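Notes follow once the structure below has been shown.
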Amino acid sequence: MLNLLSISSSSRLRFLNKVSSLTYHYSFAFFSTSSPASSSSSSLGNDSAIPRNYESSSFNLLSRSKEKRDLTGSSLKDLLFDLSDVVPNITRRFRRFPGLKPEDVLELSLGFESELQRGGIGNIKVQALWEIFRWASVQYQGFKHLPQACEIMASMLIREGMVKEVELLLMEMERHGDTMVNEGIFCDLIGKYVDDFDSRKAVMLFDWMRRKGLVPLTSCYQILIDQLVRVHRTESAYRICLDWVETRAELNHMNIDSIGKVIELLCLDQKVQEARVLARKLVALGCILNSSIYSKITIGYNEKQDFEDLLSFIGEVKYEPDVFVGNRILHSLCRRFGSERAYVYMEELEHLGFKQDEVTFGILIGWCCYEGDIKRAVLYLSEIMSKGYKPDVYSYNAILSGLFRKGLWQHTHCILDEMKENGMMLSLSTFKIMVTGYCKARQFEEAKRIVNKMFGYGLIEASKVEDPLSEAFSLVGFDPLAVRLKRDNDSTFSKAEFFDDLGNGLYLHTDLDAYEQRVNMVLDRSVLPEFNSLIVRASEDGDLQTALRLLDEMARWGQKLSRRSFAVLMRSLCASRAHLRVSISLLEKWPKLAYQLDGETLNFLVQEYCKKGFSRHSKLIFHKMVQMHHPIDNVTYTSLIRCFCKKETLNDLLNVWGAAQNDNWLPDLNDCGDLWNCLVRKGLVEEVVQLFERVFISYPLSQSEACRIFVEKLTVLGFSCIAHSVVKRLEGEGCIVEQEVYNHLIKGLCTEKKDSAAFAILDEMLDKKHIPSLGSCLMLIPRLCRANKAGTAFNLAEQIDSSYVHYALIKGLSLAGKMLDAENQLRIMLSNGLSSYNKIYNVMFQGYCKGNNWMKVEEVLGLMVRKNIICSVKSYREYVRKMCLEPQSLSAISLKEFLLLGESNPGGVIIYNMLIFYMFRAKNHLEVNKVLLEMQGRGVLPDETTFNFLVHGYSSSADYSSSLRYLSAMISKGMKPNNRSLRAVTSSLCDNGDVKKALDLWQVMESKGWNLGSSVVQTKIVETLISKGEIPKAEDFLTRVTRNGMMAPNYDNIIKKLSDRGNLDIAVHLLNTMLKNQSIPGSSSYDSVINGLLRYNQLDKAMDFHTEMVELGLSPSISTWSGLVHKFCEACQVLESERLIKSMVGLGESPSQEMFKTVIDRFRVEKNTVKASEMMEMMQKCGYEVDFETHWSLISNMSSSKEKKTTTAGEGFLSRLLSGNGFTWKR
């Protein structure tokens, strides 16, 4: 195990989530060129990524710290703090402990596991628990975790994908001589190794388990075997599969499909005996194997050329081979021993149940023709006909080729006639054989006739029929100019090779040896169908339907796909979106061929799968390439990163990112924009900056373009400050930044409402005599006006000649309330002959409304009516708000009529909603009824916003019945009320004493799954129940809502009330709930709980809460401090009281005089005068006077006990005691 776990993973995913739940720590340097540190993997899912926080005020772009916490010097309190919002009820008790016992760690682990099962706890918290686990291991020599704690910890680590940490835990256990006996944990760890494509570690861990006598689960066997088959690890797959069959001797614990894959893999590697052993064991267990497994073993024997054992196997298992298997065997026999012996073997197969078809005889025909035995080939053809089969075109082609090869071309017409009689269409391959054969026989007239016939069938173009002989030569594969048919004019015909019908002596003017070699080669290749070459040709031509059809035919003809054909076919299939899934199925069907693909093809497959979004398959091939050390192209890395940003988890993305960095990956500049966009959306801003640095350095001639693209992407996605920091750094290094970059920064910063930064960039541009673009100016000018920088806005507007700039100025001045300037600007605009926009009237209308200039409002409104300019919704909202507050609601209603003329129904609802809202705000709810009647008359249906306004408005107007009625109507329509509406109705019901209806309402919300985490509503219901004395009902209600996840953010008031009434259990439960919800309770909550515990003399629990309270930064009240001090004194634990007072002083608090006196009196009772005197000194330093009786009593105790203690040299106890300036004599 130690050897296994010490193996460093080849590509370890780094751990990103070392972040506290309350604070984030950042620490990476700007433009750091170091690659991200690898650490343990974490499962973060295809969740929506939350971009990391970055500060823009510094040149240092900061990221989360990826370093693990150094446990040296870490206190238990620090470590427990990270878990205080997960299991506060447990961590609270351990805060005051100097260390942890094994039982404590187990309790903490059990509590954490329980919370983890409820969900909502991520990797960060598991890492925090792991750090406590590690801290406990080293707190003192000899500490040993309990086995159950180790199991729980390992299980949680595996669940979060923290594999490295699990390995460390197991190594630690083995050092202590312990062994984990939970098979499930090891199986889960093997599963993680498989997920990370680390089959080596998975197999080693499996072997270790078996040596320890542990039996993996069925699912573990299955996933491990499937992975080993995928990576073609035959020996390991067989060994584990055999162990599975022998160990799990029950069929319901085995997956026959997985075992079948192993058998196929064994047969592919010619390990047929091992495959047969597996099959026998399955049969011995009573398993009825399907024919596919027997087929695989049979083909394995065939590949091994062990035909005797093949027959023996078939006879033993009584397997009847199908035509695919039988034809495969027959094809191999023909190639190895010839067609005659193959036929004899076929007859033996027939006796064992094999049923041949026309292709079976076609294989025999082809090989007979290849061997030159045309007679037997024709006999086989006759046998096909006699059995009622229809001969295949390849069989006829074989016979035609055989006849031509033997010089029997005169008999070919009989074959052609038979083909026609059987209704077989002559194909291009048949015509090509005929042309080639006639060219071989020097029957060129016949060859011309065939070419003309091909034209009749539409197989060649008309232009090629003009010279049919040249076309015939082209079909054979000759260059027509290199082969000429010439007449021998010599009277002796010395050159004549043959004669035409007219008796002319003719000869071929060409290289006769090459001619004969070519025609013979074509005829030889036509004897047996060469499916591999046909598939390659169809794939390269893009005819994938034909290629796939040939692939199916190939299997029937018993031929195997070659590596080259597979590679070409896969590339073509991947390039076609319609056939992409076919390529995936072929990869799974032929794992051995997939394993043998070359690096270039694998790179191509990854790129195409990524383009089509098949990230899982691209990831599988990528890991295979890494394991086989294939070179990975830059384009492949780019495709993977882009695809994983969209489809895979953050860890998968970072894994590829790390590998790309190690390979010095550099994307093409054209891909950078898309990459930066994807990475930023995934939250990897640090990686974006790193990539930009590399691109910027690597493309010196395109640095301006790279900077522009980088800044554009970051500003669009909301990271303008990061982009600005990068640009400032580049400027500091002497780089020249284009003006367009500044424009992108300005737009981004304005969009992010960081106006001051945008103004700073504007100043920089103006200093450099640069003028912002029109788009930048339109965003800057209104903001400058609102920021009281109208002068700069005017100066900027003068630089741009556009009517849009005038609108921007008017808008900015209007929104800033500078209406006189806006009017002057409008006059200038009109005097320059520029037409005004409808928007200008709307913004001025809004400006006059804000300034309460009603005369101007009416003037602009009249102008808008005359010009038929529709008032915008925003303008109407400003107007109706002012009118309803005046109150002049009739004016608002009148304007609404004008506005509705240009609005669709949804717009009408918005307008009515605004009118209802502001009428309620103006306490004019009677007019609301009229508005509702009007809406009903016009057929305008109220939406969710309307109902919410009505519910809250009527409630605020004390019309509770109407409020409840509209709430009920809203719920009945399936609309979810907002918190404000629910709060208003619940409060009114509770105030009127009808808490039952409030509870019923809450149950309705709960039944619909509406999570309304309103603390006010819950508090109101609970407080009402408590005031009515119905404490059990209040507790049941709170327990139910917290259990169902409907937590309110704050329960402080309820906690205080329950604690005061002595219901501490539910009060503590609510306090814990708040902490789990990452909401820190108020000091009053802790004070009330502590005081309640003190009333029941539960001092230890009270101190637990007190310690937690202080560590959370809360200040206990004086009464809480005092109560603890008094209770500890009463319990004869005065040293604890003393410690509390000192702690209080250390925190800057002032203990009361009564607290000091209580502690001093207790020390006096215990005759501990030294401590008493120390308390008196502290009391005096806090400004309190010690009375004479206390002093004298202490002196008397000192004298009677003869306790003498020298303090400072030459100073007695009495003088030291009475030297405080706070002492006064009684008069």
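Note: Cβ is positioned from N, Cα and C throughout, glycine not excepted.
Taken from Swiss-Prot, the feature transit peptide applies to 1-31, supported by experimental evidence.
In the predicted structure, the repeat 'PPR 7' (357-391) carries a mean pLDDT of 92. For 357-391, the entry in Swiss-Prot reads repeat 'PPR 7'.
Residues or ranges marked as repeat 'PPR 8' by Swiss-Prot: 392-426. Sequence-distant contacts of the repeat 'PPR 8' (392-426) (same chain, at least 6 residues past either end, Cβ-Cβ under 8 Å): 358-359, 361-362, 365-366, 368-370, 372, 374, 377-378, 381, 384, 433-434, 436-438, 440-441, 443, 446, 457, 520, 523-524, 526-529, 557.
Residues of the same chain lying 6 or more positions beyond the ends of the repeat 'PPR 10' (527-561) and with a Cβ under 8 Å from any Cβ of it are 323-324, 327-332, 359, 362-363, 366-367, 369-370, 394, 397-398, 401-402, 405, 568-569, 571-573, 576, 579, 582, 590, 593. What Swiss-Prot records for 527-561 is repeat 'PPR 10'.
Helix, strand and coil residue tallies for the repeat 'PPR 11' (562-597), in that order: 31 helix, 0 strand, 5 coil [DSSP]. Swiss-Prot lists 562-597 with the feature repeat 'PPR 11'.
Positions annotated as repeat 'PPR 12' by Swiss-Prot: 598-632. Remote same-chain residues near the repeat 'PPR 12' (598-632) are listed as 10-11, 197, 230-231, 567, 570-571, 574-575, 577, 580, 583-584, 587, 639-640, 642-644, 646-648, 652, 656, 659, 663 (criterion: CB distance under 8 Å, separation of at least six residues from the stretch ends).
The feature repeat 'PPR 13' is assigned by Swiss-Prot to 633-667.
The annotation repeat 'PPR 14' is assigned in Swiss-Prot to 668-698.
Taking H, G and I as helix, E and B as strand and the rest as coil, DSSP gives the repeat 'PPR 15' (703-737) the counts 27 helix, 0 strand, 8 coil. Taken from Swiss-Prot, the feature repeat 'PPR 15' covers 703-737.
Feature annotation from Swiss-Prot assigns repeat 'PPR 16' to 738-772. Residues 56, 704, 707-708, 711-712, 714-716, 718-721, 723-724, 727, 779-780, 783-784, 787, 789, 792, 796, 799-800 of the same chain lie 6+ residues outside the repeat 'PPR 16' (738-772) yet bring a C-beta within less than 8 angstroms of a C-beta in it.
The feature repeat 'PPR 18' is assigned by Swiss-Prot to 802-836. Within the chain, the repeat 'PPR 18' (802-836) has long-range Cβ neighbours (under 8 A, six or more residues past its boundaries) at 774, 777-778, 781-786, 788, 790, 793-794, 843-844, 846-848, 850-851, 853, 856.
Feature annotation from Swiss-Prot assigns repeat 'PPR 21' to 908-942. Broken down with DSSP, the repeat 'PPR 21' (908-942) shows 28 helix, 0 strand, 7 coil.
The repeat 'PPR 26' feature in Swiss-Prot is assigned to 1082-1116. Sequence-distant contacts of the repeat 'PPR 26' (1082-1116) (same chain, at least 6 residues past either end, Cβ-Cβ under 8 Å): 77, 81, 84, 88, 91-93, 95-96, 1050-1052, 1055-1056, 1059-1060, 1062, 1064, 1067-1068, 1071, 1074, 1123-1124, 1127-1128, 1131, 1133, 1136, 1143, 1147, 1149.
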Just give the helix, strand and coil counts over the repeat 'PPR 16' (738-772), going by DSSP. 26 helix, 0 strand, 9 coil
